[in-house]
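Features of the protein shown, as given by TrEMBL:
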- 521-931: domain 'USP' (DOMAIN)
- D985, E987, D1094, D1146: divalent metal cation binding site (BINDING)
- 1187-1212: region 'Disordered' (REGION)
Amino acid sequence: MMNFDGLDPGMGEYPPNLHGTMDAGLEPSMDPHLNPNLLQGVELDPEGLAVTVPEQVHLMEGMFSELHSAVSEVGIPVTATHFDLQEEMLWMGNHRGHVTSFFGPTMGRHSSFQAHATDDVRHIQSLETGVLFLSKCNLKCHTRGGLVMFDFPMDEGADMHSLLMTDNNTLLMGGLQNYAVEVDLNTVQETQKFNVEVPGVAIMRQTSRFFFCGHTSGKITLRDLRSFKTEHEFDAFSGSLSDFDVHGNLLAACGFSSRGMNGLACDRFLMVYDLRMMRAVTPLQVHVDPLFLRFIPTYTSRLAIISQTGQCQFCEPTGLANVADIFHVNTVGQLLMSFDVSSSKQALAFGDSGGCVHLWSDAPEVSFNDYSRETDFALPCLVDTLPQLDWNHDLLPLSLIPMPLTSTEQLLSDWPTALATPSPRRAPPADPEILRTMKTVGFIGYAANPRTRPRNQVPYKIKDVELDYDNYNQVPESPIGRDEEPHLYMVPKKYRKVTIKYSKLGLEDFDFKHYNRTLFAGLEPHIPNAYCNCMIQVLYFLEPIRCLVQNHLCQKEFCLACELGFLFHMLDLSRGDPCQASNFLRAFRTIPEASALGLILADSDEQTGKARLGRLIQSWNRFILTQLHQETQEQEGPQAYRGASSSSLGSSGESAIGKLFGCEVENSSLCRCGKETVRSSLTLLFTMHYPEQNSQEKTIKEYDFAEILKKSICLEQSTQAWCENCEKYQPTVQTRNIRCLPDVLVINCEVNSAKEAEFWKVQAEYAFNKAMQKEANEPAKPKEPPPPMPTEWCLDGEDACNMEGFTFDTKAEDLRHVWIPLTLKMSISKSQGLEISSWPEGEELSAAEEEEGAALYDLVVTVSHVLDARTGGNLVAHIKVGETYHQRKEGVTHQQWYLFNDFLIEPIDKPESAQFDLSWKVPAILYYSKRNYHTKYDLRIKNPIDASVLLTEASLARKQRKSHATFIPLMVSEMPQAGDLVGLDAEFVTLNQEEAELRSDGTKSTIKPSQMSVARITCVRGQGPNEGVPFIDDYISTQEQVVDYLTQYSGIKPGDLDAKISSKHLTTLKSTYLKLRFLIDTGVRFVGHGLQKDFRVINLLVLKDQVIDTVYLFHLPRKRMISLRFLAWYFLDLSIQGETHDSIEDARTALQLYRKFLELSRGGGTDEVRKVLKGLYEKGRQMDWKVPESETGDGQGSPKTGAAVFPSVMGL
């Protein structure tokens, strides 16, 4: 509140904008000519006015008040403000390097861009042609629209703080280092470097006589304009310098004084120096703690002194400061971080730590410069300025609309014929895939886009116009390399990348059953980073992991083990419907190690196929096993508060992941001096290492897979390493041996180049020829019934038929492209070490072999990278699904291999899992499991989610107070039981906008749906004395960038989800998810409107008998769905969702509608309900499905409100 104590009522006439916003009751006492738009920013208490404001109030020069304020990025401190010296613009830069400009006194946003990637903007300086932005170690120049003009990096170790234009083309920069730099802006070159004393120059000013340099030591030095040598020095403050300014013959400075053991204190005496005599005059005592100061010379040499808390005082440098000259910048508790004065001295700008810029002025029609040039804006839409044309007039000439000429240059059509001979380029031929799938309507043909070329672009190769355009595609060649062109082979249909075709109804009418006739759940691919879907399925079908993560629960917000447990629970419940891993991938994106390993893809890389998926999924495999091992280690105390990096693989903490995949490894380093170092560690997977081929040998030798695997596990290689004995780097032989066998052997194949692919291909040919030779040498067997024909495989160009009898030679075809065995025998002995060999499938070990520690390992998983130039490739998994999974889903006990390709799931023959045709199918990951390994694991799932998750929890928001609570948590006596009703509603925000294209027949095709994130979840009691009272009303904190808050539909406003400024009950998504999971597991029935979408975005699977959706209760077949607002108006005489949606109101309304439906059903049965619904649809058509506005003008469609129906809610 402003302080008017001691103000003389008769001392002058006051400006109307002095007082900020006043209460409505004060308006009669104010000037009737007052501009109401200026009354903002400050609230006044009418009882606090010490004097009566005269009725006649006019403008008095020099009294400043707030004109406007604007926010660039909420919560990001504004570190620099600057009034443009050429145009009517105000610039601001923030702590994250982002810059925004505002135009004129109304502060309309003009441009906004990132000037520096991470460093804060420390100084802004406008030029004729652009604007300079200084950061810690970089100087950038941008046009006012945001285009980069130049980028000038500093020397390493630079810490720049200020810059000074010494003339039109020369710039001086100083900072906390022992030099200042002069830069020529014409050549963008460093011209001179001046040495300065430590700690360097923090602030610089200039007059016609000196450079003035302020130092953090509290001194101000006056330096020669040419040599930069010190001419005079003022020791202004004993602590540190805060700011100073120079005008005429006066220099004023503010700063901090040293208080001995108490550190620094802000000095309320301004030091003033006379530059004619080079000595201090009487210090000026002020009434605020000065942080910034500027001379604002108008008719006197006034000083503006600004404190960090927003107090501003004006005073004369040679007079006494008056308390009445203090005004306050309304920063809502934020601290001021930057300050600037316009060149016209009519405007002040303040930047605060909350991201807000405040513009103060002494006149409503303020101008920043005395003579400003016109500002260029984005071109306006010409359509609004064109004359109206009657399109129904057949003879109307369209040439009435003029074509704008963009320049005065000669038009191309006016050039001489000799210079403008047309030379048309031939259009590239249509893609054969388009012609093959094209449908014709009349003379127009349309087809699905095969995505072999960039959208809306036609590639022309200038040098060879007649090139075969079929060879063009935007997908880079895989590192595997190909002997043949992409269109000469065909990837089998079930292996191709699958995409969801979206319609008006979204996913509702997409036939997932066409792709998956099993009861196992697929995973949807449209989410960012969904390339790992196949590996999620791999982990799910390993029974110990499935049980482990579902038993795991911790309080860490982003825990991959917890999220996998939630996802696996959905996969367990699903009966063939696809699930999506959105919450898991959301948590995955927040893990710093995932980002550091390059596992988080940009959307563009994923869509265009630029990602090297084979290498990527192998890195992901290593990462997820390591991450799960760390998150599930058995330790004392709660696991929730142990950071992800608090343990290493070699730690003593044992985890089920370590027991399952872990293998104790002994690493030995032998120097040539004889010194041997042995270290032990735990490894969770092994990488294949292939033998180096001698350059003289043209052919690749034959190797057995077991032989290569053994060399890869017991790896021996020579490298340079530090020897403590020799005390220098020496050639060292490093050897790895394993001490025990893992239960599941994980192998990364590392087929990442053409050389490795060729090796794999040649070995498969050797194996096939050997098998054919062995079969030919075997004696003829008694005639047996012919084997069944292969159901899936039929490779083009292969000799699959026996010409004599025309019967398929199944066994031979099964062995083609196969190098890896389906079963391995592994053993470790003291004498021989590790031994690995192929083993005939189906045979068991003898008792003697088992006693020696030998074990059989069966192939259970292969993950392949499918190379397809048309789609950019994809990843698929072959998984041997065990008996327990079939027992749960189908009630039968058997094992079967399946192909998992996102939401496509198909049973396959056993040999197909090990076949790798390297021309399109490249091996990436193999899993071998010890036979009957899971018998030693506890495979029971104990649901770790209990009723405690519903108890009261603290909000993440700092400003949230109990008095603002919008819900009452459940009491112990109110704990829900199976069958209880719970009203539910959720609100969402958009993270990524929808991508769609317009087909040639005029219909819209959704390529990628908008990515939504849940922002608010509300649950209300469905019965009991507190029916309708919310017991959950959580706003979900998000760390991801929101592109649209959808405020009109969600009621969510910017800042509601930010813990720093939100006043809502803010929680993590995981916390609220656990509450809903507990309710679902308890067996409550949810009542809501459009719950299918709500549960989908929240990423929950709820059984149909637990969902009561009012969308479907009040719906007739083949008719439109009806909005909640219309249903509430029609059946309940309620007007809801006036300006925005409120989830509490929506959830209560859905409950009331369900009660209404039960009432109708009891009253007259199905026929009565159908009759009422017909009346509903008839009324809807008459009203065009719009709720009438209230006649009372209060914005309500009905005198009834939700509070009248649930009186107990009024106590909230």
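Here the Cβ of each residue, glycine as well, is placed from N, Cα and C on the backbone.
Automatic, uncurated: that is what TrEMBL annotation is.
Counting only same-chain residues at least 6 apart in sequence, those with a Cβ under 8 Å from the Cβ of D1146 (divalent metal cation binding site) are D985, T1018, G1088, H1089, L1124, I1136, Q1137. Figure note: comparing Cβ neighbours within 10 Å for the binding-site residues D985, E987, the maximum is reached by D985. Excluding D985, E987, D1094, D1146, which define the divalent metal cation site, the same chain contributes L984, A986, R1016, I1017, T1018, G1088, H1089, G1090, H1141, S1143, A1147 within 8 Å (Cβ to the Cβ centroid), listed in sequence order. Taking Cβ-Cβ distances under 8 Å and a sequence separation of 6 or more, the neighbours of D1094 (divalent metal cation binding site) in its chain are L984, D985, A986, V1014, G1088. Looking only at the domain 'USP' (521-931), the predicted model's pLDDT averages out at 81.
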